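What follows is a set of notes on a single structure, which appears directly below.
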Amino acid sequence: MSACLGFRELGLQPYEPVLEAMRRFTEQRSPDSQDEIWLVEHPAVFTQGQAGKAEHLLVPGDIPVVQTDRGGQVTYHGPGQLVAYLLLDVRRLGFGVRELVSRIELALIDLLASYAVQASAKPDAPGVYVDGAKIASLGLRIRNGRSFHGLALNVDMDLAPFRRINPCGYAGLAMTQLRDLAGPIELDEVRTRLRGQLVKHLDYAEQTTLTGGID
């Protein structure tokens, strides 16, 4: 079991500065650096993964598109979606990439179960699904045994922009969110529950809230 997982709660932040800060943190961390998870919401943005194909961007319109270095295809971020960036020393944790993805998916499945929502993962399509509709997306990058990027959970947001793309490269993939399945929901409460599930499933002994910026 690893020691302590640090969380930074960043609120609503533009995507690109957070992306640059993630890269910088990953490049500069030492073997003794504490693992961190950054919890954030983003203004409306489409992000294109390393394998992303232009044909999956149907009509982006006025929503900006940012090319990233995470795995996967195109997805959408917007207010009311809870994003968690996992800045972990995966080698130190002793996880393979597939195990890390599975642990993240199980954390999300247990979080949703706490709201009486039955969800599942798919072996051939990372993420978490409810009755075939996607409620959470995953996209990671591992560099020198350290992870960055992470997950996006649809909580209480406008899902319409997903219709401007083929989400995660799948034409016609239905998207859903927690509000539509469990009724009115407080994002702060979901954030707290997600923290607990990630600590549990990633096998940390405890968690702490980190203060200060990410510049």
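Each position is counted from 1, following the chain as shown.
Cβ atoms here come from the backbone N, Cα and C positions, even for glycine.
Residue environment of C168 (active site, acyl-thioester intermediate) contains 22 other Cβ atoms, counted within 10 Å of its Cβ in all protein chains. Following the DSSP three-state reduction, the secondary structure of C168 (active site, acyl-thioester intermediate) is helix. As annotated by Swiss-Prot, active site, acyl-thioester intermediate applies to C168.
What Swiss-Prot records for R70, G71, G72, Q73, V74, T75, Y76, H77, S137, L138, G139, G150, L151, A152 is substrate binding site. Mapped onto three states, the DSSP output places L151 (substrate binding site) in strand.
Sequence annotations record features per position, and here Swiss-Prot assigns domain 'BPL/LPL catalytic' to 31-206. Per-residue confidence over the domain 'BPL/LPL catalytic' (31-206) averages out at a pLDDT of 94.
Look at Swiss-Prot and you will find K134 tagged as site 'Lowers pKa of active site Cys'. Taking the Cβ of K134 (site 'Lowers pKa of active site Cys') as reference, residues of its chain lying under 8 Å away and at least six apart in sequence are, in sequence order, G127, V128, P167, C168, L173, A174, M175, T176.
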